[in-house]
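Q: Structure provided below as structure tokens; questions to follow.
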Protein chains: 2
Amino acid sequence: MVNIPVDDSVESIEQPVDERPWEILAEKLEAEDHAGAAALLSDLSVEDQRLAMAHLAEGSQVILTSSLPPQEAAEMLEILPEAQAVSILNQLPSEAAADIVEMLPGSIGSDLLREMDEEDSDAVLAELDDPDEAEKLRTRVEYEWDTAGGLMRTRLASFSETATVGDVLADLGENAESYADMDVQYVYVTGEGEKLRGVLRLRDLVLTPRKTPVSKVMISDPVCVKASDNFSSLRTLFDEKNYIGLPVVEEDGSLIGVITRQAVREATSEHQTEDFLHTQGILGGEELRSMPMVARCGRRLAWLGPNIILNLVAASVIAMYEDTLQAVIALAVFLPIVSDMSGCSGNQAVAVSIRELTLGLIRPTEFLRIVWKEGILGIVNGFVLGLLLGTIAAVWKGNIYLGLVVGGALFLNTILSVLLGGMVPLFLKRLKVDPALASGPILTTCTDMCGFFLVLNLASAVLSKLG
Amino acid sequence: MVNIPVDDSVESIEQPVDERPWEILAEKLEAEDHAGAAALLSDLSVEDQRLAMAHLAEGSQVILTSSLPPQEAAEMLEILPEAQAVSILNQLPSEAAADIVEMLPGSIGSDLLREMDEEDSDAVLAELDDPDEAEKLRTRVEYEWDTAGGLMRTRLASFSETATVGDVLADLGENAESYADMDVQYVYVTGEGEKLRGVLRLRDLVLTPRKTPVSKVMISDPVCVKASDNFSSLRTLFDEKNYIGLPVVEEDGSLIGVITRQAVREATSEHQTEDFLHTQGILGGEELRSMPMVARCGRRLAWLGPNIILNLVAASVIAMYEDTLQAVIALAVFLPIVSDMSGCSGNQAVAVSIRELTLGLIRPTEFLRIVWKEGILGIVNGFVLGLLLGTIAAVWKGNIYLGLVVGGALFLNTILSVLLGGMVPLFLKRLKVDPALASGPILTTCTDMCGFFLVLNLASAVLSKLG
């Protein structure tokens with residue numbers, strides 16, 4: 001049950017940083033010395049394997065993977081970023097991919113299959129030797145990655161309710177090796193049709209006379225989750241109580257897997273990563289620089305294209321006030337400052353809202369709370385920033401009205417930006433749109449438009465004093 | 001060892017969303033019915049407790065916490081965001097805070113104490129009843145939160161190397177209750193001066209005659225980490241091998257705690273959260289809307305203040321070209337578009353670099369790789385975006401030269417932005433500055449300056465054709 005490798009020491013992980021093992025690898029692959037390249041890769045530390053694979057072209061990654069024995073190939077795919085492993089599997093012949101998938105832990109295998117092109121993943125599933133295993137994987141692949149079905153592992157120790165404590169202990173002892181792999185924490189008891197009946201604590205097993213039926217010592221009607229339960233309900237459940245793992249059942253109550261606290265944590269972390277990438281304009285999952293250039297350009301343009309349209313909409317406000325701008329050309333210096341600064345203030349409010357939504361500290365309906373909490377902050381920060389920028393403008397051009405226009409516009413636009421920035425994520429959440437993805441562009445477009453409008457409109461109002 | 005509460009069902013976590021329990025709580029606190037408020041809070045689900053506390057003013061949070069029995073107060077602090085729990089502890093009298101800290105798991109207690117004002121945390125440590133426990137906490141608090149010492153838990157099952165297998169099993173059986181709390185996965189063997197001698201697998205214990213000395217069945221010289229080991233070396237270590245937990249020793253080899261895979265994962269997740277908040281301009285840890293307004297305004301301004309200076313520097317380029325702008329006022333529309341779009345392109349490159357650094361797919365010295373990988377992408381995306389914007393400009397004003405100026409500027413500035421965006425995080429990493437914190441402002445200032453310069457300088461060069 002506990003598995004402590006001792007053949008390695010902490011020191012061995014330190015490597016000289018100026019070595020570039022991928023260059024030697026690339027040379028060997030170029031010379032078609034696939035066996036040599038595979039041997040070299042196997043000798044590298046995990047850190048260097050990851051670095052080396054990231055530096056090879058995708059074609060070379062595929063050749064190298066297929067030159068490794070399936071077990072080693074599987075171990076290597078496990079340490080790669082998911083997007084990279086998926087891309088390699090997509091390009092391998094389906095028999096080779098199936099050999100590797102057979103060596104992967106079920107949860108990782110299904111994560112990768114789920115992200116593969118559907119045609120390829122079907123082909124791989126068809127090639128698997130063990131039809132039972134293939135069926136289990138197929139079931140899991142069909143669930144979304146962030147549901148209980150997608151996050152569960154399907155290997156577990158379960159016994160019939162007619163077994164005795166002695167039977168269970170004997171089986172655990174005999175198959176100790178294979179259970180060690182599975183990191184068994186609980187033993188499950190099932191009835192007819194694999195219906196979940198109870199959960200056994202290992203401690204209770206050990207301390208019970210061996211002839212006792214398991215049904216006497218098991219905890220009946222245990223807490224369990226449905227395979228379709230979504231991520232946020234799982235997170236709440238694991239937050240509520242100190243569960244290590246929970247059984248996962250299908251709609252009819254049959255036991256199909258186990259979901260662990262760790263799997264839920266990992267999903268949390270994946271959600272955070274996705275949020276981070278989305279706020280920065282990276283769509284469609286990870287982008288790694290080893291991916292093909294066409295895909296990288298296309299995915300970045302998919303975000304930039306709509307953005308340029310939004311930018312044009314915002315900037316068209318300036319075109320409406322060309323006369324004002326021509327009369328007071330100094331305003332041109334302050335237009336981008338007012339819009340950028342408001343954008344920054346708004347983004348801070350976006351981040352706090354996304355964070356509070358994630359932590360469950362605010363409900364998506366609480367717009368009034370945002371108005372109250374961000375409104376006062378916007379007045380204070382808008383005043384400070386407006387005073388600063390207004391003073392600079394007034395002193396620079398020796399014109400108090402220019403200072404009032406610029407400072408006043410930044411003051412008003414800061415208030416508007418923090419209100420909008422605070423509310424947009426709640427609004428998107430209610431619409432079931434990812435706040436991290438869409439908040440930024442919506443916010444920036446609005447704050448740019450309003451910023452340009454406020455500066456130029458206020459200037460028009462006092463145009464005679466600005467000359 | 002396995003702890004499965006069964007007194008709760010999945011369904012109980014669903015609550016009507018329009019209930020606002022914090023309003024009743026606030027009323028009770030206003031009426032000084034502290035006991036009633038405490039009783040109401042205890043009855044709420046974890047989700048609602050968190051929501052309710054987030055909606056109370058900090059003063060009320062403190063009063064409410066001190067009205068709860070220490071055990072319940074500790075359970076509540078555990079479910080709150082760390083920043084909120086720390087703030088409550090800071091404001092409680094030190095005896096009350098100490099009573100609560102005594103009820104917290106050691107790792108959480110030390111996390112909170114570490115973040116508290118030093119004076120307050122010292123006072124709390126002095127008030128703890130158990131001097132041994134206080135000493136352990138003090139040791140942990142002194143380590144940074146992302147080192148082995150800061151992430152370890154100090155409660156563990158250890159036995160002298162002179163003990164027999166029977167002694168160990170007897171003790172585990174007798175103290176089963178307290179070990180269940182600790183989630184024992186390994187048993188440790190220590191020699192003189194608490195020096196770590198070996199690790200025992202529970203399976204080996206069970207399958208060994210009871211009179212055997214533990215030193216015969218333990219794994220000698222086990223892998224262990226030093227308390228001062230930093231986060232990235234811990235992450236590599238847990239990535240390399242499938243450890244569940246590792247013993248933590250002091251410089252002299254004495255065993256002081258255990259670090260689990262889960263603790264390392266949680267730290268990863270905390271790092272990601274910090275990165276996310278930093279890229280959006282939230283400094284100094286979390287901001288929650290329940291925090292005092294002065295602190296929230298101040299911390300946001302700490303980021304906005306330097307930003308406005310950088311904005312002024314960038315916009316001063318516009319001031320240098322006022323004549324050009326006055327001659328071709330239509331350029332004013334395109335200045336913010338070129339700078340914003342380049343900023344977006346650059347931010348995408350920043351995100352990919354931060355991500356590749358986090359995943360260990362690139363070394364902070366590999367500037368040439370960035371030049372190669374981002375350079376080509378910049379040329380492609382710059383061309384697409386430049387062509388689009390240039391065409392729009394040319395058609396709008398019926399002037400092909402305007403299109404060439406605007407499109408050319410966006411083309412060149414996109415290339416520059418992705419190069420810079422890709423390299424700045426590597427550069428900051430080498431300087432040991434947080435890339436998530438500083439990349440954005442540095443990038444935006446440079447791309448704004450260059451964008452303004454390119455548009456206006458190209459325009460100056462063909463000024464006669466633009467009229």
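Any Cβ shown, glycine's included, is placed from N, Cα and C.
Computed from a predicted structure; not experimentally measured.
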Q: I'm validating the feature mapping. Which of B:78-104, B:402-428 is tagged transmembrane segment in TrEMBL?
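A: Within the set B:78-104, B:402-428, TrEMBL attaches transmembrane segment to B:402-428.
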Q: Give the nonlocal contacts of the transmembrane segment (B:402-428) in its own chain as ranges (CB under 8 Å, at least six residues past its ends).
A: 328, 330-331, 334, 337-339, 341-343, 345-350, 352-354, 357, 362, 364-367, 370-371, 373-375, 377-379, 381-383, 385-395, 434-435, 438-439, 442-443, 446-447, 450-451, 454-455, 458-459, 462, 466
Q: Six or more residues out from either end of the transmembrane segment (B:375-396), which same-chain residues have a Cβ under 8 Å from its Cβ atoms?
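A: Tertiary neighbours of the transmembrane segment (B:375-396) are 330, 334, 337-338, 341, 345, 402-419.
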Q: Would you mind giving the whole-number mean pLDDT across the domain 'CBS' (B:218-274)?
A: 86
Q: Based on DSSP, tally up the residues of the domain 'CBS' (B:218-274) by helix, strand and coil.
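A: Counts, helix then strand then coil: 24 helix, 17 strand, 16 coil.
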